[in-house]
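Colleague: This is the structure I have questions about; it appears just below.
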Amino acid sequence: MNKTTEFADIILPLPLAQLFTYSIPEELKADVAIGKRVVVPFGSKKFYTGIVKHIHNIPPKDYSTKDILTCLDEYPIINSFQFNFWDWIAQYYQSTLGDVFKAALPAGLKLESQTKISANEEFRTKEVLSKTEEQILNVLKHSKDVNIATLNQATGLKNTLPQVKSLLEKGAVSIEEQIINPYKEKKKEFVRLASDYSESEIGDFITSLKRAKKQQETLLSYLNLSKHYFEEIALKVSVFELLKSTDISRTILKSLVEKNILEIYQEKLDRIDLSETETSGLKALNEYQETAISKIRSDFKEKNCVLLHGVTSSGKTEIYIHLIQEQLEVGKQVLYLLPEIALTTQIINRLRSVFGNKVGVYHSKFNDAERVEIYNNIHQNNTANAYQVILGVRSSVFLPFQNLGLIIVDEEHENTYKQYDPAPRYHARDASIYLAHLHQAKTLLGTATPAIETYYNAKTGKYGLVELLQRHQNLEMPEIIIADIKEAKRKKQMKSMFSPELMQMMETCLENKEQIILFQNRRGYSPYLECKSCGWVPHCPNCAVSLTYHRYNNQLVCHYCAHSVHPPSTCEHCGSNEMEDKGFGTEKIEEELIGFFPNARIARMDLDTTRKKMAYEKLIYKFENHELDILVGTQMVSKGLDFDNVSLVGILNADSMLNYPDYRAYERSYQMMAQVSGRAGRKKKRGKVLIQTYTPEHPIIKNVIENDYISMYSNQLAERKEYIYPPYYRLINITLKHKNQNLVNKAAVVLTKSLRKIFGIRILGPQAPVINRIQNFHIVTILLKIEKKSSPSKAKWILNQQANYLKEMEAFKSIQINFDVDPM
Ligand code: ADP
Ligand code: ZN
Ligand code: ZN
């Protein structure tokens with residue numbers, strides 16, 4: 001017996017700090033290996049798919065081990081780079097390996113108690129089976145898709161796992177990956193001519209079908225769809241497409257197949273289209289881009305991370321493309337991160353036109369099967385079909401790269417790079433820098449409006465700094481015009497939410513057949529309803545927020561827990577029947593626009609209009625093709641989209657951003673306004689941006705007008721220093737949650753006291769956040785601010801220890817405690 005492979009430490013997809021040790025049964029010793037998935041029992045009821053992290057021969061001290069049930073993989077699916085990366089994420093962001101595992105693998109690769117079991121057909125037993133075992137086998141033989149839950153139900157037992165395990169040991173049943181895996185290969189049916197018929201033979205067929213009109217029509221339709229008479233090689237025609245085109249039934253197609261005229265064949269369909277695409281060469285860089293790219297290359301000789309600070313439309317993307325090309329030439333992989341799915345739509349076309357099928361996309365709008373396919377594709381790095389460039393959002397940092405040469409983090413300032421719930425609360429930009437380090441690769445951060453921390457790191461020499469301040473073809477930066485809404489309101493000149501200036505500019509644009517983008521950082525119709533006589537506002541019963549009114553379905557919706565109700569027709573407080581909607585979101589803007597400009601083609605881009613797969617793509621495509629005149633949107637329209645014909649961008653309410661109670665509000669407002677302005681006037685002429693505000697004198701508005709990032713940066717930096725914030729200090733936010741408000745408050749006081757004994761004035765709070773109740777959980781936060789030079793790992797260790805002490809107290813054991821390192 002091989003003593004060194006007795007036990008395996010398994011990462012389970014649970015928020016548990018430790019790994020669990022299982023014994024490896026003799027018959028699995030050849031199979032179980034580090035990085036493979038195994039199925040293990042957990043507790044008395046469940047089993048999970050875990051990942052083997054270590055193999056050794058040291059039995060755990062405090063529990064007796066259970067056996068691994070089965071091994072799912074022929075080859076490891078997690079490589080050593082990933083294990084090291086997972087360890088770092090768990091440690092740095094104070095989460096567990098189980099949480100990281102859950103975040104890292106596409107759902108299709110994680111199987112839980114739903115794991116399916118099947119009977120082995122060739123099983124013949126000499127042993128006596130128990131009554132329940134017989135019963136289970138019987139169920140398995142007669143039904144499909146059976147899991148433990150089904151078996152429990154069928155047998156009436158609480159838990160059939162022990163019996164299943166014993167059947168597994170006897171070889172009577174198996175847990176087959178093909179059966180368990182939700183991911184199945186997709187096959188599609190196509191039609192083609194049954195043989196390589198000559199033109200005259202085909203002509204004869206057509207004539208011979210004179211009496212069978214429908215069959216004739218079907219054949220003609222096939223010839224038409226396959227472009228038989230136009231293309232040297234007939235185009236692929238799917239059965240579905242053919243049947244749909246003629247509206248015929250399958251029987252008619254069948255008769256053509258029986259006559260040996262057409263045939264049906266199947267082909268495995270890669271969900272991701274890997275067919276050869278036409279590629280064109282790289283664009284030659286302009287002189288500014290040339291200077292910038294040489295500086296990037298030389299900075300990379302000394303630094304692992306470089307910031308490319310390039311104004312909107314300066315051609316950063318073209319620089320990325322050149323750098324990607326260099327990596328591909330030396331056989332390295334490239335990860336290209338974007339903050340928003342909407343952006344992948346535009347960039348993917350630019351990348352595919354240069355790199356063809358070497359580029360893959362990865363984001364959450366793909367279904368499980370598609371994500372598994374991409375995961376596996378990257379894993380098989382060496383094969384000819386493998387992607388070498390991955391374009392993806394946040395979670396793509398977890399893909400199984402083996403050979404990264406470069407990570408590009410585009411729009412690095414975007415806060416969507418930070419994951420908030422659930423843990424791990426990681427920042428994809430910062431994690432990228434560590435990931436690149438593991439691969440001895442480089443990281444390039446790109447943006448027109450760097451995050452204060454990033455610019456600081458570049459200025460102080462931690463990162464390289466490359467500036468590109470010329471737009472391509474010396475296009476001018478847009479002209480920024482301010483509309484003073486306070487003034488317009490006083491003079492009663494506002495038309496709904498539009499100032500006279502904005503109205504007039506929109507009219508001119510539409511007359512000139514130019515396009516408009518309107519930006520408002522609020523979705524829905526109106527942020528809240530209010531009783532006209534007593535001021536009562538409907539709130540969410542589960543959260544401390546007012547309900548947002550959505551007109552299209554006439555619902556009041558909570559944006560935190562999705563609770564929705566019919567709007568009340570009378571006030572719950574005073575009974576008055578005059579409920580008024582207050583403020584405005586994108587939906588109301590859209591509605592008002594339709595009223596003012598009935599002939600304009602208007603669409604809206606926000607969370608509500610882009611839930612469906614391909615919804616972004618369709619909107620962007622329509623806008624690019626000028627099938628739309630006005631696009632109204634939330635921050636989705638502000639990020640890096642590149643349209644040719646937009647001559648006006650309207651920012652409807654700058655103040656809501658500026659007044660947000662957060663130390664980053666000014667930085668964010670600047671970034672948001674500068675970015676959305678960047679959408680105006682590309683290619684042909686100078687664009688215009690109109691900002692509506694109550695505070696035209698605001699310093700941030702001035703910075704935006706003057707396109708003065710540096711002033712904004714210096715002012716913010718001074719404030720950060722004075723008020724003890726990043727980049728001078730590191731923040732860790734501790735959140736306590738419980739359904740009982742008193743209890744959570746008490747717990748927060750106790751924890752704050754004990755932390756203050758250690759950290760002194762570096763501990764702030766406890767305080768109630770802006771929204772202090774979500775889904776009936778009361779929330780209290782404590783903030784730790786520590787000096788950059790002190791050890792964060794020691795502080796984290798202390799935080800964990802103190803949190804554990806608290807949870808060991810009987811009264812507080814049900815309090816939930818979260819850590820958010822570098823909160824956004
Ligand atoms: P950024 O990413 O900095 O906003 P882009 O790379 O999107 O800028 O460039 C803006 C526009 O200018 C794009 O349409 C792009 O194709 C074009 N462009 C930029 N650089 C070049 C170049 N060197 N040659 C041709 N077109 C370019
Ligand atoms: Zn009222
Ligand atoms: Zn709610």
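We number each residue from 1, going along the chain as drawn.
Cβ atoms are placed via backbone N, Cα and C, with glycine included.
TrEMBL annotations: computationally assigned, not manually curated.
As annotated in TrEMBL:
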type	residues	note
BINDING	C531, C534, C571, C574	Zn(2+) 1 binding site
BINDING	C540, C543, C558, C561	Zn(2+) 2 binding site
DOMAIN	297-468	domain 'Helicase ATP-binding'
DOMAIN	544-723	domain 'Helicase C-terminal'
Colleague: Quick one: which of the binding-site residues (C540, C543, C558, C561) have their CB closer than 6 Å to ligand 2?
Modeller: none
Colleague: Name them in sequence order: residues not among C540, C543, C558, C561 whose Cβ is within 8 Å of the mean position of the Cβ atoms defining the Zn(2+) 2 site.
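Modeller: My list of surrounding residues reads P541, N542, V545, L547, H559, Y560, A562, H563, I774, Q775.
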Colleague: So of all those binding-site residues, C540, C543, C558, C561, which one's Cα sits nearest to C571 (Zn(2+) 1 binding site)?
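Modeller: Looking at Cα distances from C571 (Zn(2+) 1 binding site), the smallest one goes to C540.
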Colleague: What's the most sparsely packed of the binding-site residues C531, C534, C540, C558, counting other C-beta atoms within 10 A?
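Modeller: Across C531, C534, C540, C558, these binding-site residues, the one with fewest Cβ atoms within 10 Å is C534.
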Colleague: Measure from the Cβ of C571 (Zn(2+) 1 binding site) and count the other Cβ atoms within 10 Å, all protein chains considered.
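Modeller: So the Cβ neighbour count for C571 (Zn(2+) 1 binding site) comes to 21.
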Colleague: Near C561 (Zn(2+) 2 binding site), which residues of its chain come within a Cβ-Cβ distance under 8 Å, counting only those 6 or more away in sequence?
Modeller: C540, N542, C543, I774, Q775
Colleague: Which whole-number value in Å describes the distance between the Cα atoms of C574 (Zn(2+) 1 binding site) and C558 (Zn(2+) 2 binding site)?
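Modeller: If we compare the Cα positions of C574 (Zn(2+) 1 binding site) and C558 (Zn(2+) 2 binding site), the gap is 23 Å.
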Colleague: About how far apart, in whole Å, are the alpha carbons (Cα) of C531 (Zn(2+) 1 binding site) and C558 (Zn(2+) 2 binding site)?
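Modeller: Answer for this pair: 18 Å between alpha carbons.
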Colleague: Within 8 Å of the Cβ centre of C531, C534, C571, C574, which other residues of the chain have their Cβ, at the recorded Zn(2+) 1 site?
Modeller: K532, S533, G535, W536, E572, H573, G575, S576
Colleague: Using a Cβ cut-off of under 6 Å to any atom of ligand 3, determine which of the binding-site residues C531, C534, C571, C574 qualify.
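Modeller: Cβ < 6 Å from ligand 3: none of the binding-site residues.
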Colleague: Round to the nearest Å and give the CA-to-CA distance linking C558 (Zn(2+) 2 binding site) with C534 (Zn(2+) 1 binding site).
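Modeller: Just about 22 Å between their Cα atoms.
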Colleague: Taking the Cβ of C543 (Zn(2+) 2 binding site) as the centre, how many other Cβ atoms fall within a 10 Å radius?
Modeller: 21
Colleague: Translate the DSSP assignment of C558 (Zn(2+) 2 binding site) into the three-state scheme.
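Modeller: Assignment for C558 (Zn(2+) 2 binding site) reads coil.
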